[in-house]
Amino acid sequence: MFFSKRSLASPAPANHHEILKFHNFDALRLFAAAAVIFSHGFLIAEGTEDNEPLQFATGEILGMYGVYTFFILSGFLITQSWMRKPDPACYFTGRFLRVYPAYAASILLVILVIAPLWYQDRLIDYFSNGQLLTPILKGLAFDYNEYYAPGVQFYDGDQSLGGVLNGVFWSLQTEVILYVILAVLGSFGILRWYVVLGLALLTLTWHLKFSYFKIVFGAHHTFDLWGFTFGAPGFFAGSFLYFWFSRYKASARIALVFGLLAVLLPFFDLSGYLPPAAQSNQLFPILAAYPILWLGHAGAPNLGNWTRWGDLSYGLYLFGWPIQQVLRALLGPGWNGWAFFPLSLAAGLAGAYLSWRFIEAPALRYKRRLLAQRRPVDAPAPGDTPQPVAEPLIQPG
């Protein structure tokens, strides 16, 4: 019968990684990271997202849909990683070595190298300031809401925007929390299709509640909690679809139906209290998860080889914001998002390549050597391909 206890509750067979072939994931992650760079380009160049084109159509910027995509892919790949080898030590070692080295490097690079160049007072005061340790430690511990350093301002205008060191860290914090939740489910033997499906619907309801109270009553909530309910529905939807695709072939017809629902929903008011565009944004990770994963699988049109220079998606996502802030500071005001995007994308890809070449790839090689000591020689290493984030992210396998 569908979703038998054996097929869904038990670890996958050793050769299970050969059953699910998703050759477009690298391309999807890179496109998602580029979408984030695109939307941030409007915000940083113009000081507002009002002119970002998708804002007009859906009420949400393209970059947020990119982040949704990261979480969907991450949920799928992280679940696959656990089911291939349900070993907490291997799991957390793999996640740590995929995510943390480049993340920590981005914190230290921004705080110790980039930020001092735009410090508003004497440089010696920047390094002797006792407050400098706080953003470093909070960043390394994934403990922050907005990421600033005392006295650092890249450019005039919006004082809060011009001082933000990195605007994407909130999603990595959520990603790490979701890694832990999935490991707990797996360790207790309850990483099953109906559990992750229930969590997807529960966290979606939670996120809709936040939107309702914000729109109707003007209520506010902590950014940390909002970030979790933003990312969790897509992550758990991706996790559920791992079990689905383990049992059923990916269907272009099903992908088309859900894709049309995701595209057409902004034109229909279903809730009575949320604007149609807002309700579409909230439901996107549930409706779009199947089409996105179908597009990534082997039966979909081939999106091409985007890894000739390495897997650049995580580095582009992680270093893109500070690179864009530096470009805006150097180029000055007067740019629009359309002109700023190609410059910042090119610079971001260069930074992503350096991250891959000198940080991420060496960490992955070390991870493979380390995990090889804990598995049979012919068994596959879990999670060799990350996802930013939003893996990830970031997006580990």
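Each residue, glycine too, has its Cβ placed from N, Cα and C.
The shown structure was predicted, so the numbers you read here are calculated from the model rather than taken from an experiment.
TrEMBL annotations:
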type	residues	note
DOMAIN	23-356	domain 'Acyltransferase 3'
REGION	377-397	region 'Disordered'
TRANSMEM	27-45	transmembrane segment
TRANSMEM	57-78	transmembrane segment
TRANSMEM	99-119	transmembrane segment
TRANSMEM	176-204	transmembrane segment
TRANSMEM	225-245	transmembrane segment
TRANSMEM	251-271	transmembrane segment
TRANSMEM	283-300	transmembrane segment
TRANSMEM	338-359	transmembrane segment
Using a Cβ distance cut-off of under 8 Å, indicate which of 27-45, 57-78, 99-119, 176-204, 283-300 has the most pairs with the transmembrane segment (338-359).
27-45
What residues elsewhere in the chain lie close to the transmembrane segment (283-300), defined as a C-beta under 8 angstroms and at least 6 residues from its ends?
20-25, 28, 65, 68-69, 71-73, 76, 200-201, 204, 233-234, 237-238, 240-241, 245, 249-252, 254-256, 258-259, 261-262, 265
For the transmembrane segment (225-245), what are the same-chain contacts with Cβ under 8 Å, counting residues 6+ beyond its ends?
3, 8, 20, 67-69, 71-80, 83, 170-171, 173-175, 177-178, 182, 191-193, 196-197, 199-201, 203-204, 206-207, 210, 285-286, 289-290, 293, 297, 390
Remote residues contacting the transmembrane segment (99-119) - C-beta distance under 8 A, at least 6 residues beyond either end:
125-127, 132, 135-136, 139-140, 149, 151-154, 165-166, 172, 175-176, 314-315, 318-319, 322, 326, 329, 355, 359-360, 363, 386, 391-394, 396
